[in-house]
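Look at Swiss-Prot and you will find Arg25, Glu87, Arg126, Lys459 tagged as (6S)-5-formyl-5,6,7,8-tetrahydrofolate binding site. Sequence annotations record features per position, and here Swiss-Prot assigns K(+) binding site to Asn231, Thr250, Leu252, Thr255. Annotation source Swiss-Prot lists GTP binding site at 231-236, 250-256, 275-278. According to Swiss-Prot, the Mg(2+) binding site annotation covers Ser235, Thr256. Taken from Swiss-Prot, the feature domain 'TrmE-type G' covers 221-380.
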Amino acid sequence: MAITGTIAAIATAIVPQQGSVGIVRVSGSQAIAIAQTLFDAPGKQVWESHRILYGYIRHPQTRQIVDEALLLLMKAPRSYTREDVVEFHCHGGIIAVQQVLQLCLESGARLAQPGEFTLRAFLNGRLDLTQAESIADLVGARSPQAAQTALAGLQGKLAHPIRQLRANCLDILAEIEARIDFEEDLPPLDDEAIISDIENIAAEISQLLATKDKGELLRTGLKVAIVGRPNVGKSSLLNAWSQSDRAIVTDLPGTTRDVVESQLVVGGIPVQVLDTAGIRETSDQVEKIGVERSRQAANTADLVLLTIDAATGWTTGDQEIYEQVKHRPLILVMNKIDLVEKQLITSLEYPENITQIVHTAAAQKQGIDSLETAILEIVQTGKVQAADMDLAINQRQAAALTQAKMSLEQVQATITQQLPLDFWTIDLRGAIQALGEITGEEVTESVLDRIFSRFCIGK
């Protein structure tokens, strides 16, 4: 994949009438020339690398001032892309940054593709592919723990073990190929030692694969649906949990007509909480739509909080809803326990195969900590700490690791079957290639396109 031209893009979020600063980034061989054409730095300011200049951005023909700005100059290779890079730090909003970007394009730059700045950093050797993916994860992080995990990946915490595993495979391959080329000059291979080495590599791959589910939780979060009969306190539960009045709460059944969402973080995991309409038979057409959306939310959720009224106990309505959601991971929330005598709470009946039960008094904001603990237990993560999550692979990396492990298992089978040495090398090369795809040492252009299309244009 070739690097062509000088690229430019807006590097900050564009929000109308918001944001005090907007940045236009330019990278490539013509970046400094474009900056010198557009930027007027008064006085005796020196155009040196890694200095900030103050001045005015002017139209190159009319010399009309477009914006008062700062210019950051970074000469190759000491820049994000390892090319010459300039950044115009303009006033925020839409107009100024769009005008500056347009002047850059008219002066010889082209609009950057999504992720092209990071792609150039990868192609120029500043980042490997795991670090590039970690940048996207860091930008999109939805919790402090997710950001910390992404930062660990950016610092090479994943790349290092992958490179070591690949190097170990290359060492084994070199031993085998040496016997193929110089069989008469070298002692025979120790089959058992090679199998042992391969088993050790496969075991380390398995350890990396075990981080996939935790990584996905940190990246995509957990979707939790609160379901139950009308007026059991679902909206009160959402409000108490989110510490806000996200949902309307009344004593009238059917108040919630649509799905209400709230974004939370539980034990480092981003959680999307869905407060749904009470599920019941109704002739109200609007409420019917809400009930159907409740069922859809329950069927697509990662976890269902089946909420019941402890004051009325388990009803036929609760049983009907339970039959609809029992195939999903489920926590039974016994709400309104403040309305029930303490000695009666433990005698409340419910289906025997429900193993996770939480007692809450949502209107009094009681039981939320117990609910969060139960959620962390049911997703089998425990309290996620940043130190536990230094390694967390994504789906692409997991697929490559799985392929590498399968190839190594095939090498073991080939050795056990006492096939010729040439056969040993075939699957070993497959494992080496799969590991190389993770860091980018062996990767196709289509894979790069797919990875970097996730990025915003200015990154």
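Including glycine, each Cβ sits where the backbone N, Cα and C put it.
The DSSP secondary structure for Glu87 ((6S)-5-formyl-5,6,7,8-tetrahydrofolate binding site) is strand. Within 10 Å of Ser235 (Mg(2+) binding site), as judged by C-alpha distances, the binding-site residues found are Ala277; the full candidate list was Arg25, Ala277, Lys459. Here the domain 'TrmE-type G' (221-380) has a mean pLDDT of 79 out of 100. Distance noted between the C-alpha atoms of Arg25 ((6S)-5-formyl-5,6,7,8-tetrahydrofolate binding site) and Ala277 (GTP binding site) is 47 Å. The 10 Å shell around the Cβ of Arg25 ((6S)-5-formyl-5,6,7,8-tetrahydrofolate binding site) contains 25 further Cβ atoms across the protein chains shown.
For the binding-site residues Asn231, Ser235, counting C-beta atoms within 10 A of each C-beta gives the highest total at Ser235. Neighbours of Glu87 ((6S)-5-formyl-5,6,7,8-tetrahydrofolate binding site), defined as other CB atoms within 10 A of its CB across all chains, total 22. When the C-alpha distances from Lys234 (GTP binding site) to the binding-site residues Glu87, Arg126, Lys459 are tabulated, the minimum falls on Lys459. Here (6S)-5-formyl-5,6,7,8-tetrahydrofolate is bound by Arg25, Glu87, Arg126, Lys459 per the record. The longest Cα to Cα distance in that group is 19 Å. Between the C-alpha atoms of Asn231 (K(+) binding site) and Ala277 (GTP binding site), the distance comes to 10 Å. Least packed by the Cβ count within 10 Å, out of the binding-site residues Arg126, Lys234, is Arg126.
Rounded to a whole number, the distance between the Cα atoms of Ala277 (GTP binding site) and Glu87 ((6S)-5-formyl-5,6,7,8-tetrahydrofolate binding site) is 50 Å. Straight-line distance linking the Cα atoms of Arg126 ((6S)-5-formyl-5,6,7,8-tetrahydrofolate binding site) and Ala277 (GTP binding site), rounded to a whole number, equals 51 Å.
Every protein chain shown contributes to the tally, and the Cβ of Ala277 (GTP binding site) ends up with 28 other Cβ atoms within 10 Å.
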